[in-house]
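*Asks:* Dropping the structure in here first, questions after.
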Amino acid sequence: MNYYDDKHIPSVLRWFGGKHFLAPELIPLIPEHHCWVDVFGGGGHMTVAKKRSRVEVFNDKDQELINFLLVLRERRSELISALASLPTSRFLFEKWQREALPEDPFERAVRFFYCLRQCIIPANGVKSGWRSGKIKNTANDYQNAVDKLEAFEERFRRVMIECLDYKEIIKRYDSPGSFLYVDPPYVNREHFYKFAFDEHERLAEMLHHLQGKCMVSYYGDPLILELYSDWHCTTFKSKVGTVAKAELGQTRRDEVEYVFTNYKPTGSGQLSFF
């Protein structure tokens, strides 16, 4: 079975390291399963791009992200209306970047989504400049994302939302019928989750003792390659950098995405070895 849904609504969450462009390549490698577990959910690109599983779990320890998803579910129309009324404005973006987040969950959700869509680097906890430009109409891009929020929420409505450490998620949801997608934070590239290499070692140790199936995606860090050297590995080429760079004639560097699985995938990767 190919779990890729070619009619899916793309995630409205811009996210550092999100798998929007790689999802069509990764999802066909997923085996049949009963329970889908997105361990480091982030922008939810893999969850929304796949066909529904009988049980679906989305997890991320970013409390602002989880608050946004909960507010979107509970007060969808009100939240969409509030976001649609906001201008694409450097003044407003920089004002909200300077200010502390409000205590009210609804107002926090508004600011979270607005700043995530308006910033250059879409990563929580990272100060970033305003996403202006002469190539892409960012105001139009923002409103298009707001327009998709209703469909995005409908896709997430039957997904269980967790906000736990990865170790707890794995313990709770691992089973012979589970499939865990693991896209861990990058060493020395991501600072919000503070995921040092020793944490990668602990993660790999847990994953090597799973009852269920698992896929781990990562760039070609030699230390990570060693941790999963006994797993099946499929590689894909990916472009790193913004689309605006390409439109300006600037070079977007190539990187190789490594996909490790504790089973032999039947999909079509670029290169596979054991």
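A Cβ is built for glycine as well, from the same backbone N, Cα and C atoms used for every other residue.
Because TrEMBL annotations are produced automatically, they should be read as predictions rather than curated entries.
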*Asks:* In TrEMBL, the S-adenosyl-L-methionine site includes Trp15, Lys19, Asp183. Which of Asp60, Asp147, Asp165, Asp221 does it also list there?
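*Replies:* Checking Asp60, Asp147, Asp165, Asp221 against TrEMBL: the S-adenosyl-L-methionine site match is Asp60.
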*Asks:* What same-chain residues, at least 6 away in sequence, bring their CB to under 8 Å of the CB of Asp60 (S-adenosyl-L-methionine binding site)?
*Replies:* Phe40, Gly41, Gly42, Ile66, Cys163
*Asks:* Give me the largest Cα to Cα distance among Trp15, Lys19, Asp60, Asp183, the residues the record lists as binding S-adenosyl-L-methionine, in Å as a whole number.
*Replies:* 15
